[in-house]
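These notes are about the structure you will find just below.
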Amino acid sequence: MNSSTSSENVFINSFSYLNQTSQAVISGNSTFANVINFPYRLGLSFIGAVNLQYEQTVKSEEIPPTLRSVFDTIGFFFSPYAIFCFVIAIVLNRFVVFYAVLNNGSRRTLPLWLSNVFHVSAVVVLAMVSLGPLTLGKDFKILGDPAFAQEKFLLNIFYAFAYSYCVETIFTIMRNSSPLEGTDYSLFELSIQFYTMTNNNTKFLDSPDYIIDCSMAILSRILIHLVEIFRLRNYRLLFSTIMNLCHICYLGIRVKQGGWKSLPFSVKFRHFPKLFSVSIICLSLLIFKLSCLIRWDPFGKSRNSCELLQFYPLSRNWKKYLNYTGEEDFSAMATKFALLLCSGTELMEKGIRREFPAINIPDNVNEKFFISGYLNELSKPYKENTSISFPKKNSSILKQRFFLMFPKSIIWIMKKLVGQVFFGFRDNKDEDIPDNDPSKMLKITKTNSLNNSAGHKEDIELELLNTSDDEYSEDYEPSEVESLGDSDEENLEEDSLIFNETRDALLDLFSSEDNEVHTDYNWIMSTSRILQQKLLSDKTLTRASILDTKLSEVDETFGTESDFDLSCAVCKVNERNTVLWPCRCFAICEDCRISLGLRGFSTCVCCRSKVHGYCKVHPVSDSK
């Protein structure tokens, strides 16, 4: 019995995760406590068995490479690099959000000395930790310091990088600016690289590529702080280009000596996009220069032989296409430039200079990009292209036109001056014409036909009302009441003869220069209305009755014109509310416009001209 008990104790001690008697949720030996504590102890035993199995598997050398990579990936998320990177990202993100809410768009200026102190402190910290990768493996006394041991200096470099990111982000956000960041050496990439180097026990002395890579990362952060201290943010791209070109030259020499496979995986993964972009740019420039060299004609009239090449517009305006400010990193600009060079192949059609479209957006859409002008709504009224292509400023055509037009301009100016002097001495005052009865009679007989306008309507009223009570027209027939008041017939005949002679003299006086009296057909047409009313009416004609008749006709004419038909010219049902451009026809409704557009109509239904677009209007009728 004792032997069996001792063997059980040895078995439990060899597997410590089985002994969970000390762990309990409810203390005591009651049935309720055992029911609760048994699943809890069973779960703890299972977790202990899994942990023991994991430790033994990691220590064994027979583990497959794929399974080891899975273990390394899981272990990275619990490493100090990943945890610190996650905490820094959350803190900076919350700071940016809360500061944007509290700031409320107002610009705040921080003291320069405060930001300079923190930037200088970041530079000092980065310089101190950079002594590790630069002097590692050398027999220097500084390596005796425990802070520069291989197990600790990678973590110190990572902490220095995190401090540099915090200083740059916080102080640039407080100045309402954008922080300067490096695309090659982000905090997350450095955490993965440092964890891999620590987990694999990589020696810096055996891998100088890691030393150069860490040195480039530190120099990029120091460069950011220096341009912030000296206020040279616009020159950051220049300094970054010089530094990266030197590093690319080193990588080229390194690949030439040991091959591409000799580089560590993290170095190849980080710098391959930059190297690929630089290769595309160099290859494009080389092909462009060779094309220019082939087209170059030393004896030709044209000085520039590359204008017909597809790359020529970009070579002249590449700064506008890239739209850089100088604050960008070299890797980001190289990638952007390479993408710009490669995106042109998607826009090219049969190689006819369609690689790079115009930068300015046109006012109207090209006709081949929409089905019909009835479907192209214009936000502004259509403007016809009335631009004239003038010759250049120093062209020979302009000089010839100037010399030809100069004498004509002088002659025109002289004529103008002589005319002003000549007409300046003339008396242009109008002579007053006596307001007598025969002249008024002549004026009435020479009036034009009645026009359908409101102004002419008022003129008719004034003309008929201001006429004197005496009537001298030949077709006037006095009433019987008026004839009784006359003296006798002989006096009337004498007066009429005198009046006729006076009228004939006035007509001769106001006739044309050739003394030929022309027949006034307007006067005949005006008297036809009086004759017609005389034949249709038995009453005596008076001036008031004629005036009432003419005014009623004018009112009827205005009434008919004001009632304009606003129904659609196509369906005759809906109200028209669409203006077509550029013909300006206001003829159709919205439903008919959509129907005509979907059917592919491109001409106006009224004038048959080309339709480029339409505008919606809201007509207001008198009935409303």
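Every residue gets a Cβ built from N, Cα and C, even glycine.
Per Swiss-Prot, topological domain 'Perinuclear space' is recorded for 1-69 (among others).
Taken from Swiss-Prot, the feature N-linked glycosylation site covers Asn2 (among others).
In the structure as shown, the Cβ atom of Asn19 (N-linked glycosylation site) sits within 10 Å of 14 other Cβ atoms. In this structure, Asn19 (N-linked glycosylation site) belongs to neither helix nor strand by DSSP; it is coil. Residues annotated as N-linked glycosylation site in Swiss-Prot: Asn19 (among others).
Sequence-distant contacts of Asn29 (N-linked glycosylation site), defined as residues of its own chain at least six apart whose C-beta falls under 8 angstroms from its C-beta, are absent. The N-linked glycosylation site annotation in Swiss-Prot covers Asn29 (among others), and the record cites experimental evidence as its basis.
Marked as transmembrane segment by Swiss-Prot on the basis of sequence analysis: 70-90 (among others).
Swiss-Prot lists 117-137 (among others) with the feature transmembrane segment, giving sequence analysis as the kind of evidence.
The topological domain 'Perinuclear space' (138-152) scores a mean pLDDT of 57 in the predicted structure. According to Swiss-Prot, the feature topological domain 'Perinuclear space' maps to 138-152 (among others).
Panel annotation: around the transmembrane segment (153-173), residues 80-81, 84-85, 88, 91-92, 95-96, 99, 110, 115, 118-119, 121-122, 125-126, 128-130, 132-133, 136, 147, 179-181, 185, 187, 190-191, 194, 197-198, 214, 217-218, 221, 224-225, 228 of the same chain, lying at least six beyond its termini, place a Cβ under 8 Å from a Cβ of the stretch. For 153-173 (among others), the entry in Swiss-Prot reads transmembrane segment.
The transmembrane segment feature in Swiss-Prot is assigned to 210-230 (among others); the stated evidence is sequence analysis.
The feature topological domain 'Perinuclear space' is assigned by Swiss-Prot to 231-273 (among others). Sequence-distant contacts of the topological domain 'Perinuclear space' (231-273) (same chain, six or more residues past either end, CB-CB distance under 8 Å): 180, 184-185, 189, 192-193, 196, 207, 209-210, 212-213, 216, 219-220, 223-224, 324-331, 333, 335.
Swiss-Prot lists 274-294 (among others) with the feature transmembrane segment, giving sequence analysis as the kind of evidence.
With helix defined as DSSP H, G or I and strand as E or B, the zinc finger (568-608) counts 9 helix, 9 strand, 23 coil. Positions annotated as zinc finger by Swiss-Prot, on the basis of sequence analysis: 568-608.
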